[in-house]
Every structure is written in structure tokens, then in C-alpha cells.
Amino acid sequence: MFLAFPPRASWYLSVISLAVLYALLVVDRPRVRTGAWIGFVFGLGFFVPLLPWIGEYVGPLPWLALATVMAGYLALFGVIATVTMRLPVPPVWFTLSWILVEAVRSSFPFGGFPWGRTAFSQVDGPLLPLASILGAPGLSGAVALFGSAGAWFVLIVVASVRTRVRADDASVEPERRRSDTLTWAAVAAVLTLLGPLSAILVTPDTVDRTVSGSTVNVAAIQGNVPRLGLDFNAQRRAVLDNHATETERYAADVHRGATAAPDLVLWPENASDISPLTNPDAATEITDASEAVNAPILVGTVLRDDDGRPSNSVLVWDGRRGPVDRYDKHIIQPFGEYLPWRGFFRLFSSYADMAGNFRAGTGPGTVDVPIHGRSVRVGVSTCWEVAFDRSARKAVNDGAEFLFVPTNNATFGRTNMTYQQLAMSQVRAVEHGRSVVVAATSGVSAIIGADGMIESESGFFTPATLTAHLALRSDTTIATRLGGLPQTIAVVIAVAAFLFAIARRTRFSQRFPIPGMDTAGDRRESADTTSEEIDGITR
């Protein structure tokens, strides 16, 4: 399944992978313990090759540990799905269970780890427009339904071909059998096509097309870093100098008419880890760069409060007035910007002491940028935050007219991490109907349209400037208006179905036979045996 994610972006492999997982969990009705193992092994096969960038400079232990923990969530999925898929129309319960487990692992522990959500594999796929209706969770669910319902349809067809009237079914007329098979096959076909057809039919109406008529010319600056690795921040002044130099080079192009003048300039996360609020040299350098391009700069920096604790911040820096607004990162990264259980994790890696002690920000998810006598509201999701649904949603609800994702991926070298994160920005663009500008210290920076398509992007570890005229939007998608409600409903139904299936202590499909559910027929154990399995979960 990891091959479905960028930079390969073979979106259909997510559908196929989940179809295979569905078949493994439904054919021959595995025991609950077996379902857990199926989920766990599937999870290892997914997360181990997806996350090697975790260990790029800290070794394999953190990478393999995290991949194993994430596989544990899919073991949980195997348990839940194995139980709930005994209810009629199993693809529905497979899908809801998938949404449930993605929601859990995106929230717990330490705020969750949303990396590898199925939605983020769909940036080149036909289902992407569904993000504007039901958000990223709904897009994940659509992929799960597409795969599981398709597998169910195939299993029904195969079962109908292979099944012959058994002695214990002699009372059932062959015509009745064929009718039941056709009915369930039709249900499976409808469920399989539901996602793709919805993506086609609803796309034109997912956004209230109330564009303000205003545009803004932006320039995203990628200044590059002195060297790869965890210690690039040791050369903080060099990083600041690189971004100032690239901005001044761009200003020279503007002055000679080679490119249009910007309305604002966007610098990435950690572009100035030297606080311009306390360091006059840094303030002067940023002011000079702003005056050179005659535009305010959004500067990624690290600020310290009165108690000395740092915040990962974005300052709106005007060449004439200095800082005029500020955003402090709301969702800070565990094991990077802060370390839970520091003493415990120090036992496993000396890199534990390199984790920060950052404070999470509060307040709006936007900054107001003065541009030619008016104010443009920019939504900010700094690096890690873009993985979380609530960050971009809050920014848009706070009035963001476009989204800005400042990021610093220098610590992950030339790995796939950057492209995986870029896909998240593409999903957010569609989810909220906003253009997105990604500014990275070392790549990949990008301009993303409201349709999720990348309009321009930079390379790795090279200075670059990306420019674009962005439409300022005040419209809202259905996904923005619904917020987290669809996911909440799906989670509640999934939990209720799981508890209901346990409480009934029976195999529903024996009361409501469904072709394609059990190819083993009378080789499987009785309903009483299944009741004992479910009893084992509750003890």
C-alpha cells in the first residue's frame, strides 16, 4: 500500500490493497485473533517502507519502533473489522472501522500520528474531489469502500460460480439462490461505484464560488541550508543569510522587469531561528530584504517568551513598521519540539536530549498582512500541523483567504517525507477550496491550486523562488462547513456496531446468508464457536 503514496502516487494501489485486506478478513471468517494478526502484518508491510525517513539521521530504532506501533493500530482494526463484518453488508462495516482506527491513531497518544492516512494517497486519483464534501476522513472512507465493496462483488461472483446445492440446502430452490446472489451482487456493485460516481457528480457544486475578485502576487522563497542533517540549525545565521540573499536576488529581477513585483513574500519555517525581536542584526537583515522587494515578509522564526520557553512562530514583517502580526504553531510535534516521557525515551536514544521544549500557541489560525492599504488574511499550518484536519479547518473558519504551509524538512534529507507532506497540502487545498503555498527551507516548495494540482514546485537543496497570482477566496466547501461531524458520526456508528455485534454473540450472516462471505461452507465452526471467540474479547 505504501506504493500508493508520493512520490510514486499510484493511487489505485490503496484501493487494491484494501480490497486484499478485506478479502483476508472475510473469506473463511477468521477468528478474532487471526484478524488481529492479519491487520498487524498488513500494517508492518505498510508503515515500515513508508516511514524510513524517521531514521534518516537517528538510526533505525525510532523508525522501526514507530512503524510497529502504527501496525498495532491496524491490529486493532483487524479485531474491530473481524467482529463487525459479521453484520450484513460487510463493506460498510469495513469502511467505518477503517475511519474509526484512522481517527484514533490521528489523535492518540501524544496528539496522534496522522501520517499515512489513506486520503493522502489520492492526490492523483479520481476520488480527490470528495475531500471537498466529507473532508480527509471521508476521502479515506471512500477509498476503503471502493476497495472492500469491489472485493465483495468479486467474492460474490466467485462464490456463485463455485457453489453447488448442498444436501442441507435442498429445501432452497435454485431460483431463490440465484435471486439472492443477484441481489447482493447488485448491492456490491452500487457500493463499489458510489465513490467514483459521487466524485464525478458533485464536483461542480462542492464550493460556493464566491471569489472576492481580488488576487495577490506571492513569492515563496527557498533559501536552502548549509548542510544536511540534524545540526543544520547550528548555522542559524547562514540559513537566515541564504533566505535574505535569495529574496534580494528576486528583488533585483523585479527591478529590472524580469518578473512581477510581489504583494507579499513567504519564508519557510526556521528561516530565521535567530529571533528578530531580540537580535538587531537579524531584524535589520529581514527589514532590508522586505524593503528590497517593497513587500511584507512572513518569516518563520523561533521566539522566546518571558519564561524562556520557545515557540515556533511566523512573524508578519513589514519593512517600514517591523513585526505587525504573529502566529505561534498550535500543534507542536512530539519527539521533536517537545518530548513526552523524556527520561524513559532517553533509555533508547541519546537523541532524546535534542528534543525541544516548545510551547504550543493559541489564538487564531491566521495572520493579517497589510498589502497596499488593505489587509489580506493568510491561514498558517506550520509543517507538522498540515497533517491534522483541525489546523487548516480552523484557519479557513478564521477567515483565511489562502493557506500558507511553512516547513523545514532539512532534517530528513532527500527522503520521501517531503513529498508525503506535500500531498497533505494538496488534500487541504481541495478540502477547503483554497490555494496553498508551501515554502520549505531546502525543498520541496510548491504552489498548489484550489483544485489540489501543483502549479509549480522547486527541487531539493537548491535556492529557489516560486511566484504566483493567487485568487483570494472567502467561499467555503461543504467539508469546511461540516467540519468534523462526518468523522464523528462514522466513529460513533462503528463503535456502536462493534458493541452490538459482541452483545448479540451470533453470526448474523447465518441468519441472513450473504454470498461471498464464506467460501468454506460447512468446514467452518458453528455459531456457538464464534460466540466463544467474541466472549474471549470481552473477558
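Any Cβ shown, glycine's included, is placed from N, Cα and C.
According to TrEMBL, the protein has these features:
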| type | residues | note |
| --- | --- | --- |
| COMPBIAS | 530-539 | compositional bias 'Acidic residues' |
| REGION | 514-539 | region 'Disordered' |
| TRANSMEM | 12-28 | transmembrane segment |
| TRANSMEM | 35-55 | transmembrane segment |
| TRANSMEM | 61-80 | transmembrane segment |
| TRANSMEM | 92-113 | transmembrane segment |
| TRANSMEM | 133-161 | transmembrane segment |
| TRANSMEM | 182-202 | transmembrane segment |
| TRANSMEM | 484-503 | transmembrane segment |
Chain residues in Cβ proximity to the transmembrane segment (61-80) (below 8 Å; excluding those fewer than six residues from its ends, i.e. six or more beyond): 25, 32, 35-44, 46-48, 50-55, 97-98, 100-101, 104-105, 113, 116, 335, 348-349, 351, 494, 498, 537
Seg_contact(the transmembrane segment (92-113), the transmembrane segment (35-55)) with at least 3 CB pairs under 8 angstroms, min sep 6: no
Outside the transmembrane segment (133-161), six or more residues from its ends: residues with CB under 8 Å to it: 14-23, 26-27, 90-92, 94-96, 98-99, 102-103, 117-122, 127, 178, 181, 184-185, 188-189, 191-192, 194-196, 198-199, 202, 206, 389, 393, 427, 431, 477-479, 482-484, 486-487, 490, 515-517, 519
Long-range environment of the transmembrane segment (12-28) - Cβ separation under 8 angstroms, sequence gap at least 6: 1, 3-4, 35, 38-39, 42, 46, 78, 81-82, 85, 90-91, 94, 98, 118, 121-122, 125, 143-144, 146-148, 150-152, 154-155, 516-520, 524
Tertiary contacts of the transmembrane segment (35-55), as residues 6+ beyond its ends and Cβ separation under 8 Å: 1-2, 5, 17, 21, 24-25, 61-64, 66-68, 70-79, 81-82, 115-116, 412-413, 415-417, 420
